[in-house]
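**Student:** Can you keep this structure in mind? I'll have questions shortly.
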Amino acid sequence: MIKRYLQFVKPYKYRIFATIIVGIIKFGIPMLIPLLIKYAIDGVINNHALTTDEKVHHLTIAIGIALFIFVIVRPPIEFIRQYLAQWTSNKILYDIRKKLYNHLQALSARFYANNQVGQVISRVINDVEQTKDFILTGLMNIWLDCITIIIALSIMFFLDVKLTLAALFIFPFYILTVYVFFGRLRKLTRERSQALAEVQGFLHERVQGISVVKSFAIEDNEAKNFDKKNTNFLTRALKHTRWNAYSFAAINTVTDIGPIIVIGVGAYLAISGSITVGTLAAFVGYLELLFGPLRRLVASFTTLTQSFASMDRVFQLIDEDYDIKNGVGAQPIEIKQGRIDIDHVSFQYNDNEAPILKDINLSIEKGETVAFVGMSGGGKSTLINLIPRFYDVTSGQILIDGHNIKDFLTGSLRNQIGLVQQDNILFSDTVKENILLGRPTATDEEVVEAAKMANAHDFIMNLPQGYDTEVGERGVKLSGGQKQRLSIARIFLNNPPILILDEATSALDLESESIIQEALDVLSKDRTTLIVAHRLSTITHADKIVVIENGHIVETGTHRELIAKQGAYEHLYSIQNL
């Protein structure tokens, strides 16, 4: 896992190395303070060979040099270190999120059907951010603290070997304590992160569906459901906190014993005349420079434990396999005719589930309009979703112009199929930018022309800023009919040879339906058009109507032919016209 993460770090290794070098200088400067104290005590105050004026003179020079170093030299070094560290870590996170976003766009509809959006977002935002601590702590600060400890110990050995050995007495206990606590802490951190992601996933769904909550007046019930998720997170967070508190209490106890031992041994040596008072004072100063980094290392282990847990979750997402892949030798094939052949196609969402579609055979000619009807759950929309490869067939094949759709590059295939759904998604951007999703390189004139053909131009011009009006999240500032017309404008802009209308007008009022149906009639002209419809009055003009029940095609024909047959279609049509 760490090795994989380091692949993201590798391009910035020289910046990290530079950050460590600058950090060594930054952390090395405070090590002058204990030596200054020793000089002030032994070299000036207790130096009976100097007069009072000479003592003041020597002390003034020493303090002046120290002030110059700490006031003039150290601040820019600190700035450079902080800037380098933050720039590097943020750039690495940028690269990880970029890879994750591209990966998410390549994952199929199956992945999104099986995972909460909130949990996915939590991994891209929260977990990636948490891995930043691995960069700052694991790749930078830990090394700086270790180097600080080595330098401090070197100076302490130089000052007095016995005192240094006394300070090192507690090190084995320190290592044992870290070993005992932090394996358990990593597991608890992973559980806490998962619980937090569940809270975020629940919250994301309920905020998006707040209108449903309010319409059924179930705020109290949803508050209870949220409290269950929140309580689960609290329980795991407190368990993590308790174990973390145990570890810090144990570690701090061990590191607090060290200075007490050193002061006791040092005072005895000073009384016996083995060391000077200045040496003891300097040694006590270096104790903080020794045990301070040790305590930070303990905190670093906690931080890294959390970072590793998040890293696990990030790579779990990166390792999600693409179940929709470009086949070997796939090409950006141009669809010239738009003929579709569905050949013995069966489909099931998961291996342990019953098939949704069973041995479907159907040929659709160039420019033909074919409607799929039937009871809900029969497999109409599922069949439609197989054509742009939102899912892959379980068995059989789908051909377009004689080419298996798996021979197309996925992007090339989908770009040549226009899809208008019942609930079209608009992004939180302007009207113009939402239309441009159909073809991002289109000119303003082409955008306006597409809007006119979709019967959208007039209402757009009545908006406060026209085409520059912000539509809000998911197009919340627009009506259902207005959103649908913008989605149709996208298709006009893209001008694909194949058109799929999946319940495109079923949720609209009669006036909006009439306006949109007019635009759809223009849009479907001279294109192979597939329509999924519950409202049968909207598809009586179709060249072919296909009735699907329980995953099988049970009837095929024109409206007139199927009415005359008095079968499944005639039954559905009669019910709707009672």
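Any Cβ shown, glycine's included, is placed from N, Cα and C.
Reproduced below are the annotations present in Swiss-Prot:
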- 16-36: transmembrane segment (TRANSMEM)
- 37-59: topological domain 'Extracellular' (TOPO_DOM)
- 60-80: transmembrane segment (TRANSMEM)
- 139-159: transmembrane segment (TRANSMEM)
- 163-183: transmembrane segment (TRANSMEM)
- 245-263: transmembrane segment (TRANSMEM)
- 264-269: topological domain 'Extracellular' (TOPO_DOM)
- 270-287: transmembrane segment (TRANSMEM)
- 340-575: domain 'ABC transporter' (DOMAIN)
- Gly374, Met375, Ser376, Gly377, Gly378, Gly379, Lys380, Ser381: ATP binding site (BINDING)
**Student:** Would you identify the secondary structure of Gly377 (ATP binding site) according to DSSP, in three states?
**Tutor:** coil
**Student:** Taking the centroid of the Cβ atoms of Gly374, Met375, Ser376, Gly377, Gly378, Gly379, Lys380, Ser381 as the ATP site, which other residues of that chain lie with their Cβ within 8 Å of it, listed in sequence order?
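**Tutor:** What remains near the Cβ centre is Thr382, Ile548, Glu549.
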**Student:** Just to verify: the residue among Ser376, Ser381 with the fewest other Cβ atoms within 10 Å, which of the binding-site residues is it?
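**Tutor:** If we count Cβ atoms within 10 Å for the binding-site residues Ser376, Ser381, the smallest count is at Ser376.
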**Student:** Could you tell me what the rest of the chain brings near the topological domain 'Extracellular' (264-269), counting residues at least six beyond its ends with Cβ under 8 Å?
**Tutor:** 160, 162-163, 166, 275, 280, 283-284
**Student:** In sequence order, which same-chain residues at least six apart have a C-beta under 8 angstroms from Gly374 (ATP binding site)?
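**Tutor:** Same-chain residues close to Gly374 (ATP binding site) (Cβ under 8 Å, separated by 6 or more) are Lys380, Val547, Ile548, Glu549, Ala568, Leu572.
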**Student:** Around Gly377 (ATP binding site), how many other CB atoms lie within 10 A of its CB?
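**Tutor:** Result for Gly377 (ATP binding site): 12 neighbouring Cβ atoms inside 10 Å.
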**Student:** What residues in the same chain, six or more past the boundaries of the topological domain 'Extracellular' (37-59), come closer than 8 Å to it by Cβ-Cβ distance?
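**Tutor:** For the topological domain 'Extracellular' (37-59), the sequence-distant neighbours (Cβ-Cβ under 8 Å, at least 6 residues beyond its ends) are 159, 276-279, 281-282, 285.
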